[in-house]
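*Asks:* Before we start, here is the structure in question, set down as structure tokens.
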């Protein structure tokens, strides 16, 4: 799977599943058209993160979609994921690239042109930018204005994915601005039918 083939990017949050089976939600999302899954876990032990990552990797492998780990290079290497996503407060991109070589993808969060250009220069393979519509899954996420998102897209050559409160009702606003794709958390996982949610987001984005 190539990044250029990826339109819908799922970022996980088990709480967003609202009691539905976490792994089933991921599988149904992939069936709907998700091409990248990022496992994001902030408050569990390394051992539990590792176990969870192995299960999610198995699902991704079965459907031949990309599997990304949030923040943790050790888990990324241990489960042989496809890559790691690094926020501004995570390990520096250049250090991660030095450790991972070219065997893994590196995604980076960028909220302005400077961060985006720096991420590209330091070896990031793609950028995640937001929060474009605000978000319920990150307490400290500041909203990114549409004009600023467009500037980020135009400032780099690597793929850019928008993130933050994206769902079936607002994704159409992100059409035709040069994005590679969109990331969603609750816009997919909190819906009753995850597969249908992805299909509808994809339909409204294309």
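Any Cβ shown, glycine's included, is placed from N, Cα and C.
Swiss-Prot feature annotations, pasted as is:
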BINDING   38, 39, 40, 41, 42, 70, 109, 138  4-amino-2-methyl-5-(diphosphooxymethyl)pyrimidine binding site
BINDING   71, 90  Mg(2+) binding site
*Asks:* State the Cα to Cα distance, in Å, between residue 41 (4-amino-2-methyl-5-(diphosphooxymethyl)pyrimidine binding site) and residue 71 (Mg(2+) binding site), rounded to an integer.
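*Replies:* So the Cα of residue 71 (Mg(2+) binding site) lies 9 Å away from that of residue 41 (4-amino-2-methyl-5-(diphosphooxymethyl)pyrimidine binding site).
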*Asks:* Look up residue 90 (Mg(2+) binding site) in the DSSP assignment and reduce it to helix, strand or coil.
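*Replies:* Going by the DSSP assignment, residue 90 (Mg(2+) binding site) belongs to neither helix nor strand, so it counts as coil.
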*Asks:* Between residue 109 (4-amino-2-methyl-5-(diphosphooxymethyl)pyrimidine binding site) and residue 71 (Mg(2+) binding site), what is the CA-CA distance rounded to a whole number of Å?
*Replies:* 11
*Asks:* Highest Cβ count within 10 Å among the binding-site residues 38, 70: which residue is it?
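*Replies:* The residue with the most neighbouring Cβ atoms within 10 Å is 38.
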*Asks:* Are there any residues in the same chain, six or more apart in sequence, whose C-beta is under 8 angstroms from the C-beta of residue 90 (Mg(2+) binding site), and if so which?
*Replies:* 71
*Asks:* Given the binding-site residues 40, 109, and counting only Cβ atoms in the protein chains shown, which has the most within 10 Å of its Cβ?
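*Replies:* Of the binding-site residues 40, 109, the most buried by Cβ count within 10 Å is 109.
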*Asks:* Under 8 Å between C-beta atoms and at least six apart in sequence, can you list the same-chain neighbours of residue 42 (4-amino-2-methyl-5-(diphosphooxymethyl)pyrimidine binding site), or say none if there are none?
*Replies:* none
*Asks:* Would you mind checking how many other C-beta atoms are within 10 angstroms of the C-beta on residue 39 (4-amino-2-methyl-5-(diphosphooxymethyl)pyrimidine binding site)?
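*Replies:* Looking across every protein chain shown, the total is 27.
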